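**Student:** Please find one structure pasted underneath; my questions will follow.
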Amino acid sequence: MDVYATWCGPCKLIAPMLSRIAQRLGCEARVCKLDSDAEPDLSSELRVAGLPTLLFFAEGREVHRLEGVPGNEDALAAIVREHLGVEV
């Protein structure tokens, strides 16, 4: 889950990267987006402290969290492989 805000520069920076990762994942996993300004209660419940925050869930449980921008698309793909067991 990509927790972002429309005014967040780093969020805009990773948006194309996440879009490409989502296309590469196909039906193996889903990339969801949560606008923290539109859903402040949910953002708070998820303990989001900074933007962007990427939350990785497997079988309904959070298995990894990344705050900030990953180094590059390959680094993000490696995180997906490691924590979700899905080839990207």
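For all residues, glycine too, the Cβ spot is worked out from N, Cα and C.
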**Student:** I want to verify the bond table. Which candidate from C11, C27 sits on the other end of the disulfide that TrEMBL records for C8?
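**Tutor:** TrEMBL lists the disulfide between C8 and C11.
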**Student:** Look at the recorded positions C8, C11 and tell me which residue has the greatest number of other C-beta atoms within 10 angstroms of its C-beta.
**Tutor:** C11
**Student:** Rounded to the nearest Å, what's the C-alpha distance separating C8 (active site, nucleophile) and D2 (site 'Deprotonates C-terminal active site Cys')? Just drop the number here, would you?
**Tutor:** 12
**Student:** Looking only at G9, P10, which of these recorded sites has the biggest number of Cβ atoms within 10 Å around its Cβ?
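**Tutor:** It comes out as P10.
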